[in-house]
């Protein structure tokens, strides 16, 4: 039986369908490529997050190196943030004065205490000047039982409240308080602090006045303030 050749109308329909399928295939390939580029771009943005305020690096304030390679955090993101005050050195009222306070603390911690480095993760001076201590990744020396899973933030100054040595001691300035919150939020953004972290004062985990009555009374009203895992009296 002889099969007749397809007529012109059928050929035109066939060619039109083939062209449509080709177009759909090409569009699908383009969309897939765009999707992969979008994913890559989002990863790049996450990896280049920067704080909304400057952080003075160790090299900028003249830190000495640790005595030995620092131990890394045991749990990241860390579930705790500990608030301290220095008491001594006192409130620093300029960037240079805050840098000197950092060097003074590091000398005391390394030479007198015998520690590997300055004890705190970060320190904050007047108007929110933020200084890198041990940083995000190195185990601190500021709160026994929590050093390897907390970020220790120390506000430079004496914030006990009342009067000492006839000089009034007050709360940290607004810039300092805002920098604490900004540093915590930045730590969450870069995956170093848990989003459901617990905020505590040093005195909750150690028998000490730190971070001073005035500052401790304030942070009790901050979001995430809570109790230590072991509620026994600190030693």
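Even glycines carry a Cβ here, placed using N, Cα and C.
Feature annotation from TrEMBL assigns disulfide bond to 92-98. If you look up TrEMBL, you'll see 53-206 marked as domain 'Peptidoglycan recognition protein family'. Summarising the annotation, TrEMBL assigns domain 'N-acetylmuramoyl-L-alanine amidase' to 68-212.
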Reduced to three DSSP states, the domain 'N-acetylmuramoyl-L-alanine amidase' (68-212) has 43 helix, 35 strand, 67 coil
Averaging the pLDDT values of the domain 'N-acetylmuramoyl-L-alanine amidase' (68-212) gives 92
